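Asker: Quick one: the structure is below, and I'll ask about it shortly.
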Amino acid sequence: MERIILICVVSTCLSVVHAQKFLFSSRWGPRGYKEHEERGDGTAMDEIIKANAFQGSQVIDGSTNLREGDIAVSTGRRSKVCFARTCVWPKSVDGHVYIAYKMSPEYSEIETKMIKKGMENIEKDTCVRFVPQTHQRDYIDIQQKSGCWSYLGARGGRQTVSLESPSCFGIGVISHEFMHALGFVHEQSRVDRDKYVTVMWPNIWRDRFRNFEKFKTDNLNLPYDYGSIMHFGMYAYSQDGKPTIVPKNSKDIKLGQALSLSHIDKLKINRLYKCGGKDDN
Ligand SMILES: [Zn+2]
């Protein structure tokens, strides 16, 4: 009898230890997510989800909230027009698309360098050029607000890109936010995405369902890009460590990108901004 009680006590202790391991993972996120992250195949969007996870709601301030996790949308009429059809930055007569920026003086020298690396990621093999703001009326204002987010496309006037330190300081994260500012939504928001990926609704946090909406996007006649820096990772917003987006037909396809733009991301920029002669790079 005593032995039976002892076995029960030991097994209860083991269960508690196991439950603690499950419930109190050292970092944010369910264990499946963490294990996935430790394999080193996390994406820029995984970092953004972590950085933005502690916003009590998706509201940045009274009139602005976050759509799809990191796209700022004002409740005003103008932004709705911008969300439905891309608002592009104007092209200069010399064939470049110049995007003026201002950077908060709060950033350290290293952070400033990283932001510039994120810009270079976009400039390489495209006609987009980021230039410090001087006289331009339309520009992006890079600041340390709460989390990592950007408005979509050119809105006219000053528009904020939030890169909070240190959580948003990965080069891939920085490039991802600038891609939103150029006018690109997340790859799995494409209207035709159900042909390429399966969204596993039962595995997603219920209050994040809206982050998986589809939009009537202009796909610029480019193929679905599983490896886009704008693609959610396989475990985005997972409530139980199980995948939330699974590629159709092949389990071996990797979703998303950690550091740089994919080849097709570059083509997207070159097609949307009609960068002459660069389309087939
Ligand atoms: Zn995003």
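The chain as shown is numbered from 1 upward.
Using N, Cα and C of the backbone, Cβ positions are placed for all residues, glycine too.
On a predicted model such as this, the values are computed, not experimentally measured, just so you know.
As listed in TrEMBL for this protein:
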- 1-19: signal peptide (SIGNAL)
- 78-276: domain 'Peptidase M12A' (DOMAIN)
- His176, His180, His186: Zn(2+) binding site (BINDING)
- Glu177: active site (ACT_SITE)
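Any idea what these are sitting next to in the structure?
Answerer: Long-range Cβ contacts of His186 (Zn(2+) binding site) within its own chain (separation 6+, distance under 8 Å): Met45, Glu68, Met230, His231, Phe232.
Annotation note: Glu177 (active site) sits in a helical segment as assigned by DSSP. Counting every protein chain shown, 25 other Cβ atoms lie within 10 Å of the Cβ of Glu177 (active site).
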Asker: Check each residue in the chain of His176 (Zn(2+) binding site) that is at least six apart in sequence and keep those whose C-beta is under 8 Å from its C-beta; list them in sequence order.
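Answerer: Correct list: Ala44, Met45, Ile48, Asp70, Cys148, Ile229, Met230.
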Asker: Might you list, by sequence position, any residue in that chain lying six or more from His180 (Zn(2+) binding site) with a Cβ less than 8 Å away from its Cβ?
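Answerer: Set apart from His180 (Zn(2+) binding site) by at least 6 residues yet with Cβ under 8 Å, we have Asp70, Ile71, Trp149, Ser150, Tyr151, Leu152.
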Asker: Could you say whether, by DSSP, His186 (Zn(2+) binding site) belongs to a helix, a strand or a coil region?
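Answerer: DSSP call for His186 (Zn(2+) binding site): coil, neither helix nor strand.
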Asker: Within 8 Å of the centroid of the Cβ atoms of His176, His180, His186, which other residues of that chain place their own Cβ, given that this set defines the recorded Zn(2+) site?
Answerer: Met45, Ile48, Glu68, Asp70, Ile71, Ser150, Glu177, Met179, Phe184, Val185, Ile229, Met230
